[in-house]
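Annotated features in Swiss-Prot:
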DOMAIN    4-165  domain 'EngA-type G 1'
BINDING   10-17, 57-61, 119-122  GTP 1 binding site
DOMAIN    180-357  domain 'EngA-type G 2'
BINDING   186-193, 233-237, 298-301  GTP 2 binding site
DOMAIN    358-443  domain 'KH-like'
Amino acid sequence: MTKQIITLVGRPNVGKSTLFNRLSIRKKAIVHDLPGVTRDRKYTDGKIGSFEFLLIDTPGLDEHPNSMGERLIEQTTKAILEADLICFMVDARSGILPDDKLLSSFVRKYNKPAILVVNKCEKAFDFDKEYYKLGFDSMIAISAEHGTGLIDLYDEIIAKLPEEESIETNIADPIKGDCLQIVVSGRPNAGKSTFINALINDERLLTGPEAGITRESIEIDWQYKNNHIKLIDTAGLRKKSTITESLEKLSASDTINSIKLANTVILMIDALAPLKQQDLNIASHVVNEGRSIVIVVNKWDLVKESEKEAFQEEFYYQINTHLPQVKGIPVLFISAINKQNIEQVLDACLKIYKIWNKKITTSKLNEWLNFTTEAHLLPLQKGGRRVRVKYMTQTKTRPPTFKLFSNNPEKITDSYTRYLVNNMREAFDMPGVPIRFTYVKTKNPYV
């Protein structure tokens, strides 16, 4: 038995994302006064009282037909079809607007159980005839921001969804447990959402030629070769100097937070847009956060065959030159829209995830260390004593992190550390993941 699904529907800025966050087990949606912040349907585990369910937030819809509007309607329609119950939301402050009437008719034609949720009711509220004209038999007044009215909402939900079919508190959720969290990041319009849609074979995310369609991180649980994967689509990251509006700043912050929580990050690059400093900045940020990284060059089908070899040579040169701290990053060339080479990306993610989790025994580490340091000795210091690295151990994985003991660690140069790291990558087959060294002074400086 699976959890019942509740979908939030309404025009822009009625408070759907605020209620989504209020009912979610953890906050997931960006909230902003600007209408239309939500553009994809978002899923989360929700809870109200003892009742647990799957909650879907949908884009705000209005009456203006255009390419973007049609795609938003498609996202909302899919969420309605999935729903066991619809919470149709309106704004008590603005009252019933023409868009509310149009959307209520749109929702009712699907004959789904529904509740009219009148939001932003910070004071006592009386329903007038305009609310009844929307055609819903259940109406609740709440304030999602302040959490008032949720007990009444709970009672209505239970009345609409029989308890024995709805409450799943003692049933294991197959989505929960260990999973590989993959964040898809990159500059705007690189094809991140198109790539995820191609992988899961569903128009789950809004796509189009407009840059910046995705405004917040969207999580999708998925299975690939018996591996539980959480795919996370993110808003495109631009240079700080070009981010001016507060909403875009929120989106950028949301993306950066998603990277911090990722296991692996796919850096999506547009083959038609030259590799820019911002791409390298994103990659450096991923590495500094200790995440594993796979670089994907999208729209490869649009590059002329005669230019592909030169493109790849220059691309590898730029990556190896500007990201020497993670030599061997997997680079794949794909066409998301044509589904070309997209599964190779997931295979690369699974492989680098294993490397990111790699544990090396202390005996093997020190056998390697003795051989490597003897092959390239550190210079003699004043007094004729040589700086030595005598012993090492792995202290953690994700990323692989090592503690090295030296008689004089402050004299170990960055270039010597790079020598050790690069040699370790080759010796233990660890390409493309951050490797961290910390040095500790031994008690006896003459050892």
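Note: Cβ is positioned from N, Cα and C throughout, glycine not excepted.
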*asked:* Return only the integer: C-alpha distance in Å from T234 (GTP 2 binding site) to K16 (GTP 1 binding site).
replied: 20
*asked:* Give me the long-range Cβ neighbours of W300 (GTP 2 binding site): same chain, 6+ apart, Cβ under 8 Å, in sequence order.
replied: A271, K308, F333, I334, S335, Q340, N341
_Whole-number Å value for how far K16 (GTP 1 binding site) lies from K192 (GTP 2 binding site) (Cα to Cα)_ = 25
*Across all chains shown, how many C-beta atoms besides its own are within 10 angstroms of the C-beta of N189 (GTP 2 binding site)?*
21
*Which value does the mean pLDDT take for the domain 'KH-like' (358-443) in this predicted structure?*
91
*Counting each residue once, how many in the domain 'KH-like' (358-443) are helix, strand and coil under DSSP?*
32 helix, 22 strand, 32 coil
*Drop a 10 Å sphere on every Cβ of the binding-site residues N13, T58, T234 and tell me which sphere holds the fewest other Cβ atoms.*
N13
*Could you state the CA-to-CA distance between G186 (GTP 2 binding site) and C121 (GTP 1 binding site) to the nearest Å?*
40
_So if I measure Cβ to Cβ from C121 (GTP 1 binding site) and keep only same-chain residues at least 6 apart in sequence, which ones fall under 8 Å?_
A92, A141, I142, S143, T148, G149
*Integer Cα-Cα distance in angstrom, N13 (GTP 1 binding site) to N189 (GTP 2 binding site)*: 25
